[in-house]
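First the structure, in the form of structure tokens, and then the observations on it.
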Amino acid sequence: MPCRGQFWTVACLGTGTTSLAALLLAVATEHWVYLMEQCLIEIPINENGTNITHITAYNFTTISRAGLWKICLEDMDVTNCVDVGLSEGLKRERVDGQWMTGAVTEATRAQFPLPVAAVVLTLSGFIFSILGNYRKDKKMIVSAVLYILSGMCLSIGVIVYISSINDELSHQPMNIKVPIEMGTVKGTRECQSFKYAYDWSFFLIGISFIMEEISAVISVKVYLAPTGKNLENMMKIIPGLEEKLNLGKDRPEGTSHTTLIW
């Protein structure tokens, strides 16, 4: 029985540690979503001394990855990371003709408070889990409740994140020419393709959620499991109980045992 109790204690702390580590890594990294946008940029160029205008077209592809805090643009072997603009607020106004990459990144800011709240709840639940496993008291129930609340924040945050991306994709039409200015040069931009895929930081949220719920179930099981403390308390309350129990252990097999009636 003691070994079995130690197993559940190790399992509870192990799943809690895995959940906290996965969540911290997911929140800290910028690999939530992988974005690729392909656009055609056309710039009219006038020949010197003539009224002839030539249209110069460039195929422009942006590859980036985004997280909660920043977005990183990959240009050949160089990666440039910038803040996603959390200081500007969680809500934003849509701008027609905006780059899809920037629009998606700005739209996903709405779910930022939920993973942060989940980190706080998971850390608190892990601390209560350590104390509860040491004392085997009601702190285990508090730990389970905190883990469940953190899991709710994560699940709602993921739903908001996915919904924000899908909503932005439905709002921004493709294959529409948008006027642009690059310094003194004016032209048009027509985005023809936009692809995205969820990256490994996003899936770490799922791992964290599963480990949290497992840890919550184990915490309740450890708290409700019978322990030797009940017998110890009875031995302190009932005089002579300890001696009778010891006598019962010393009897040879096959002999009758004394029945205790309280």
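Keep in mind that glycine also has a Cβ here, set from the backbone N, Cα and C atoms.
Database features (TrEMBL):
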type	residues	note
TRANSMEM	7-28	transmembrane segment
TRANSMEM	112-132	transmembrane segment
TRANSMEM	144-164	transmembrane segment
TRANSMEM	202-224	transmembrane segment
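Sequence-distant neighbours of the transmembrane segment (7-28) (same chain, 6+ residues past either end, Cβ-Cβ under 8 Å): 68-69, 115-116, 118-119, 122-123, 125-126, 129-130, 133, 143, 147, 150, 154, 201-202, 204-205, 207-209, 211-212, 214-215, 218-219, 221-222, 225. Here the transmembrane segment (144-164) has Cβ contacts under 8 Å with residues 16, 19, 23, 32, 104, 107-108, 110-111, 114-115, 117-118, 121-122, 124-125, 128, 202, 205-206, 208-209, 212-213, 215-217, 219-220, 223 of the same chain, all six or more residues outside its ends.
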